[in-house]
Each structure stands twice: as C-alpha cells, then as structure tokens.
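Asks: Below are the structure tokens for one structure; questions will follow.
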Amino acid sequence: MKPVTTDLCDAHEDRLADGTLRVMAPVFRAFGKQGAFAGPAATLKVFEDNSLVRTALEAPGQGRVLVIDGGGSLRCALVGGNLGLLAEKNGWVGIVVNGCIRDTAELDVCDIGIRALAVHPQKSQKRNVGESDVAVQMPGAVVRPGNWIYVDADGVLVSDERLGN
C-alpha cells in the first residue's frame, strides 16, 4: 500500500478530532528505498540498547512496521545496515525510530521505509534491556501494538484501526 497521509487526514477529520487518528510530530528524516509504507505496528521501548531491535527484526515481519521508542536519544544509533537488511529479509515494511540510525548508504538500498530523528555513527549498547509490545510515546503520538502506521513524504500517521482512502 502506498499511503497518502494528506488524503487520509482529509477523509478522516472525525478521527483526528476524537484521537483515534493521530499525527506524529514532523521531526523525522526519511531513509530506505520505500518513501511510503503502511502496516500494523509492533512496538519497542528501549534506551541506547538495540538488543531487542535485533530480536524483533529476526521474527517474521508479516508486513508490519516496527515502531521504536528510543527515548529520543541522539547519542547512538539503534538501527544500522545489518538490521535494515534483516528487516527487509524478514518481511517488515518499515521502521520508525524515536532516535538515531547509522549506515545510511546501506539503509538507503534496503527495500523498506525508515524514519528516524537523526544519524549517529556510534553503535548502541547490547544489554538486552527494554520492553516489547507496549504502548510507546513517540513524538506527538502514542502508538500501541496493532495500531496502523501510515507514512509518506508528508508525515507519519497512527490509527487505532486500518483506514481506507
């Protein structure tokens, strides 16, 4: 699916008003080959530790979007080229990171979509600390497991259920 976030917002003003459709803050940079992507969310809450990111991406993605609340840290990367390839191989359609990524040249040839706050060359810690399948606070919106994520050049939307145009 190639979402058009502007059309979704226009068609679902009632959901925007009642909070069942939310718009993330416009703070993300785009990476990966897919400029637009959509799917149900899988969620992680981590801080400067990407162990659970690898674990999540090793599982079949089944067309899902991995939403990572990295606490907005700008001190290290949570996703790099190896994890981008793993996501592509295992059927994830996208990754949204409240934090940093690295290996942008490698990520930009992965056939997935990625949104992140920034780029940082340093890798993260590996302590197996964090939570999966929990509600996460992303910039401007809470995301719960199973919410639908819609991403294109105009923004990132979070819906409590799958939307049609």
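In case you wondered, yes, glycine gets a Cβ from its N, Cα and C as well.
According to Swiss-Prot, the protein carries these features:
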type	residues	note
BINDING	Gly80, Gly81, Asn82, Leu83, Arg102	substrate binding site
BINDING	Asp103	divalent metal cation binding site
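Situate these features within the shown structure.
Replies: If you take the C-beta of Leu83 (substrate binding site) and look for same-chain residues 6 or more apart in sequence within under 8 angstroms, you find Asn50, Val53, Arg54, Leu57.
When Cβ atoms from all protein chains are considered, those within 10 Å of Asp103 (divalent metal cation binding site) total 20, not counting its own.
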Asks: Using DSSP with the three-state reduction, classify Arg102 (substrate binding site) as helix, strand or coil.
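Replies: Coil, per DSSP.
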Asks: For a quick check of understanding: among the binding-site residues Gly80, Gly81, which residue's Cβ has the most other Cβ atoms within 10 Å?
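Replies: Answer by Cβ density within 10 Å: Gly80.
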Asks: In the same chain, outside Gly80, Gly81, Asn82, Leu83, Arg102, whose C-beta lies within 8 angstroms of the Cβ mean position for the substrate site?
Replies: Ala77, Val79, Gly84, Leu85, Ile101, Asp103, Glu106, Leu107
Asks: Output, ordered by sequence, the same-chain residues six or more apart from Arg102 (substrate binding site) with a CB under 8 Å from its CB, or 'none'.
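Replies: Within the chain, Arg102 (substrate binding site) has Cβ neighbours under 8 Å at Ala77, Val79, Gly80, Gly81, Val119, His120, Pro121, Gln122, Lys123.
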Asks: Tell me the Cβ contacts of Asn82 (substrate binding site) under 8 Å, same chain only and six or more apart in sequence, or just say none.
Replies: Asp103, Glu106
